[in-house]
Amino acid sequence: MSVMVARKKVVRKWEKLPGRNTFCCDGRIMMARQKGIFYLTLFLILGTCALFFAFECRYLAVQLSPAIPVFAAVLFLFAMATLLRTSFSDPGVIPRALPDEAAFIEMEIEATNGTVPQGQRPPPRIKNFQINNQIVKLKYCYTCKIFRPPRASHCSICDNCVERFDHHCPWVGNCVGKRNYRYFYLFILSLSLLTIYIFTFNIVYVALKSLKIGFLNTLKETPGTYPSMSLTVLTVLEVLICFFTLWSVVGLTGFHTFLVALNQTTNEDIKGSWTGKNRVQNPYSHGNIVKNCCEVLCGPLPPSVLDRRGILQQEESTAQEGSCPRGPGTQEPPATQGPGQAQEGHSVLSPQLPAPSVSDTEVPEEKQRTPGELPVPSPDAGRAEH
């Protein structure tokens, strides 16, 4: 006998989320699928700092101050912590509309715009929203089937609508939005300070060495642990990495400092939302640099609305075959005879199943027939006639 057993299979919500994201650690880590440049960022930061701590820091700590490697370690740990926080967090993804919600929104749009004749272009799907006595347009997203909130935009790389979308940064392997922008800004700020710090003390290291043993001898010096590798090659490699990083990271930090002071996003600056031909004033700016910086960097951090680790339970029915054994004291029920006739066989009932009622065991006198069908005589009736 087969028994149907229902098992509950636990499925997390992150496994069913749309978009082009990668999840790790059971949904705790959320990143974009394109992570190659993020690994390059880790390699450059870890490699440069490892060379600095391995060679220059020991000499500078003895000759100048032991606080030099301590401060460098603090900057390094802070930069790595903010980088991982930016890369592994939800930037503010807005969930897509459910089928019922999408159908309701479509009905509202059709009721507002009316039927569009065939061959004509339908009007744009836009809602007007007022912020600080200024009209802001909310655009409809055809992918997520929602009207995007103010300052939100759809990322074509991650295929998600992100609240207060700034830009998609391949160097951190994630979008930069409302929930991780402050960590992104602190990352580039701390990375700029760390780059300047290492670049400066590399030059100080070469200068101190040159004063003692001469510049040419400094170039020829090799570390004791790696005699085949010139120490100057390592130092020059660090200087080159820091030099080219200065132009990009420090410039990027200055640009985002300007945006934070104006309470503006990179997306709005590129599109010219508040500096275009219309000369529309930024409705999100408080007109004060301190207030704008406090709102962007120190304001309350909204929780994630994705509920990535929420549980979706799915039932799976599985059939299991097995026999139902009887106990040692279980006996077969005796055969019963119907009135006026002998019953040829007997039924064996399983002890787990309830015994049938009297109405089920009685043999009907005449088989039920359909209208117009001739009655079929029973065998007992033929014996009675003979």
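Placed from the backbone N, Cα and C atoms, the Cβ positions cover glycine too.
Note that TrEMBL annotation is computational and uncurated.
As written in TrEMBL, here are the features:
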- 137-271: domain 'Palmitoyltransferase DHHC' (DOMAIN)
- 315-386: region 'Disordered' (REGION)
- 37-55: transmembrane segment (TRANSMEM)
- 67-84: transmembrane segment (TRANSMEM)
- 183-208: transmembrane segment (TRANSMEM)
- 228-250: transmembrane segment (TRANSMEM)
- Please work out the helix, strand and coil residue numbers for the domain 'Palmitoyltransferase DHHC' (137-271) from the DSSP assignment. 77 helix, 19 strand, 39 coil
- Message: Should anything in the same chain at least six residues away from the transmembrane segment (183-208) have a Cβ under 8 Å from its Cβ atoms, list it; otherwise answer none.
- Response: 45, 48-49, 52, 56, 59-60, 63-64, 68, 71-72, 75-76, 78-79, 82-83, 85-86, 89, 166, 169, 172, 176, 215, 218, 235, 238-239, 242-243, 245-246, 249-250, 252-253, 256-257, 260, 296-297
- Model confidence over the domain 'Palmitoyltransferase DHHC' (137-271) (mean pLDDT, whole number): 84
